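For reference, the structure discussed in these notes is given below.
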Amino acid sequence: MAFSKSFLPLLVMLLLACSVQAQLVPDFYKSTCPRLQRIVRSATKEAIDKDPIMGAAMLRLFFHDCFVTGCDASVLLDDTPTSVGEKGSPANFNSLRGFEVIDYIKARVEAACPATVSCADILALAARHSVSVLHGPRWQMPLGRRDARTAASLFEAIANLPPADMEVPGLIVIFASKGLDAKDMVALSGAHTIGETRCSVYRSRIYNDNNVDPNFAAIRKNNCPPFGDDNKWTPLDLQTPTRFDNKYYRNLLGGRGILHSDQALYGGGQLDSLVKLYSANNSAFFADFALAMTKMGNISPLTGANGEIRLNCRKPN
């Protein structure tokens with residue numbers, strides 16, 4: 001087949017794009033680190049057995065990493081005396097947890113396969129196995145990411161992480177900028193079926209919102225007075241806070257979403273049908289969540305000659 005000269009540059013670009021995406025495959029470490037999956041799952045389960053909240057922490061770390069400059073483990077980099085990065089952003093400071101768990105998993109992986117597996121892939125697998133350990137869906141996580149050499153800026157984190165008081169139109173815009181549609185957004189929001197949140201994040205909802213169940217608000221106010229400790233933690237789902245299930249969506253139907261941005265997904269808008277579907281059909285939620293997680297894991301990964309394989313996830317080599 002013959003191609004015109006004007007078409008050749010486009011063809012080259014398409015082939016390069018395909019080759020980059022092709023590097024992310026589930027069996028990327030099949031020959032170089034065959035025990036990787038078992039090591040990460042075992043270490044993740046060990047951490048969750050000690051502290052059930054660590055499952056949600058791993059999932060949130062992965063989300064916050066991918067949404068700011070892509071899935072490159074930049075969120076794991078410590079701030080320096082001259083630079084405040086992602087860890088210091090309002091959405092992350094004194095909020096993200098589990099860095100020591102990633103350090104522990106990384107140490108075990110390094111012992112088995114030195115200088116082979118990226119922190120970005122370890123974080124992706126820890127998130128995947130956390131969901132599985134907490135009785136959620138399983139899926140194959142494409143691998144082959146490399147690690148960023150620098151953290152994203154504080155301002156990049158602020159611009160790309162949706163705040164807890166955001167309305168649906170804003171949420172859709174942010175998710176769309178990452179290649180994720182409204183269905184992905186609603187499915188990924190179901191991650192709030194596990195984990196905890198701070199009083200400062202949900203105080204305004206239980207005291208000021210009109211679409212909140214009064215009994216639910218009263219219970220939450222016991223742990224979050226109008227003035228007091230902003231950092232008091234409470235489960236996102238009071239019923240099954242350490243089990244990955246579809247209770248999150250059932251809570252939304254009853255006005256019991258703890259975050260304003262959660263409850264905004266249901267209440268006479270365009271996303272109601274998805275919330276109703278997932279609340280009634282756990283299998284549908286699991287299937288769509290797994291697909292959305294796979295898509296999220298493909299947000300701007302560093303591959304091939306880009307980035308590095310960090311030996312310490314907290315600092316560049």
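Each residue, glycine too, has its Cβ placed from N, Cα and C.
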Disulfide-wise, see what TrEMBL says C313 is paired with, picking from C113, C119, C199.
C119
If you look at what TrEMBL says, which of C18, C33, C199 makes a disulfide link with C113?
C33
If you check TrEMBL, which of C18, C71 bonds to C66 via a disulphide?
C71
In Å, rounded, how far does the Cα of C71 (disulfide bond) sit from the Cα of D65 (Ca(2+) 1 binding site)?
6
Distance, D237 (Ca(2+) 2 binding site) to C199 (disulfide bond) (CA atoms, angstrom):
14
8 Å Cβ shell about D65, V68, G70, D72, S74, E86 centroid, Ca(2+) 1 site members excluded:
H64, C66, F67, T69, C71, A73, V75, A148, A151, A152
Which of E86, D237 has the fewest nearby Cβ atoms, counting only those within 10 Å, among these binding-site residues?
D237
